[in-house]
Ligand code: DSN
């Protein structure tokens, strides 16, 4: 590749866009500038490679391709077949899964595909068999009515939102909470850790059809072997949503009991978080659920996005390279350095530290709500997001936590020394912010915010983002 290839590609693309709608070209350029200048600590974000980004901007976007590889509802899908098959092959090899479905557009979509695959396998198929018909269209009105009621009356046990679970694991305002009779397992109030005995007890009492593990704000590893044993003991299908930590599984930081793929019946993920691919989702499973998973589109998904599947193939190929394992390990080393730096300075962390890519600060220790802390940090050039902590007195909107994660800064090249410096900046801002007259209001000296902002920019100075891309 010529040394200027990436600059030329992005510059040319912007020139073409600018000729039609200059404000879009300007916004794209401004987004890169903003990303370059901010200390991005959002645990669910990353920086995809230029190859991944470029794979999304092309003619694949024009193609309809409902169905799966070789079995489409539209003609002319031979090139889409090529990229979808490649993405699925890379995913299978990377994660050691027997089947990969790479069409979901997001994590929510991937979870919906998984839920409906399980419902089809565990509820619909037996009903069809009992009625001695091959498909739902052949059921009598009475049998169809009964099946619809049964599909809508199944149980799911997942991690509660304030313990770090995800809203798609049965939170009532989400479709998953409306689809399932849901119960949650939380964490031990004293340690903040999952108490497997209590999960087992909840499973015995509730007898869920689906046991879900996975999180978006739990800073520890989960023992998937134990969770599978719990699922088996009550006849539940075990599903893991590894969206947040897929990169750590891919990079073999999470192995053995902590790798969900050998233990779960079905695994869902996004592709853009620690995995560092394009925005999108994916489902992995064994042969038992493969056919049902492949019905995801048009069952719950709109037409697949072939340009994004092309980018998934590129990013998954990158994740199969040996340097990705090094990247994944550095994500965790950095998170632990950040956690240590914050703890040493007096911050209160949920569970007292981290085993993964994220740290959850309980900002009530600074006398702040999550909302106040998030905004004060943003004023100071530090981009984070507020998050509930276990048994949060401030609810899901104001919250009492700040979630920070290291995948993005690690991609940029920052290491443990810079994480300690980042901890110092965060602690400086939070310890010098005071609560205002409402849960959203706060007082922070603007001169201090400016000073920290400048320090954050200086910290990033040695780690340019997309160094190969010069937009001129
Ligand atoms: N929005 C993602 C996150 O930030 O964790 C999950 O949906």
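Using the three backbone atoms N, Cα and C, a Cβ is placed for every residue, glycine included.
Automatic prediction, not curation, is the source of TrEMBL annotations.
Annotated domain 'Serine hydroxymethyltransferase-like' per TrEMBL: 19-120, 153-426, in sequence order. Per TrEMBL, (6S)-5,6,7,8-tetrahydrofolate binding site is recorded for 161, 165, 166, 167. Summarising the annotation, TrEMBL assigns site 'Plays an important role in substrate specificity' to 272. Residues or ranges marked as N6-(pyridoxal phosphate)lysine by TrEMBL: 273.
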For residue 167 ((6S)-5,6,7,8-tetrahydrofolate binding site), the nonlocal same-chain Cβ neighbours (under 8 Å, six or more residues apart) come out as 161, 173, 174, 176
Mapped onto three states, the DSSP assignment of residue 165 ((6S)-5,6,7,8-tetrahydrofolate binding site) reads coil
Residues lining the (6S)-5,6,7,8-tetrahydrofolate site besides 161, 165, 166, 167 (CB within 8 A of their CB center) are 158, 159, 160, 164, 168, 169, 170, 171, 174, 215, 216
Whole-number Å distance separating the Cα atoms of residue 166 ((6S)-5,6,7,8-tetrahydrofolate binding site) and residue 273 (N6-(pyridoxal phosphate)lysine) is 14
For the residue listed as 'N6-(pyridoxal phosphate)lysine' and residue 165 ((6S)-5,6,7,8-tetrahydrofolate binding site), the CA-to-CA distance in whole Å is 16
Residue 165 ((6S)-5,6,7,8-tetrahydrofolate binding site) and residue 272 (site 'Plays an important role in substrate specificity'), compared by Cα position, are separated in whole Å by 18
Averaging the pLDDT values of the domain 'Serine hydroxymethyltransferase-like' (153-426) gives 97
Checked against DSSP, the composition of the domain 'Serine hydroxymethyltransferase-like' (19-120) is 58 helix, 9 strand, 35 coil
Close in space but at least six residues away in sequence, with Cβ under 8 Å from that of residue 272 (site 'Plays an important role in substrate specificity'), the same-chain residues are 45, 46, 48, 278, 279, 280
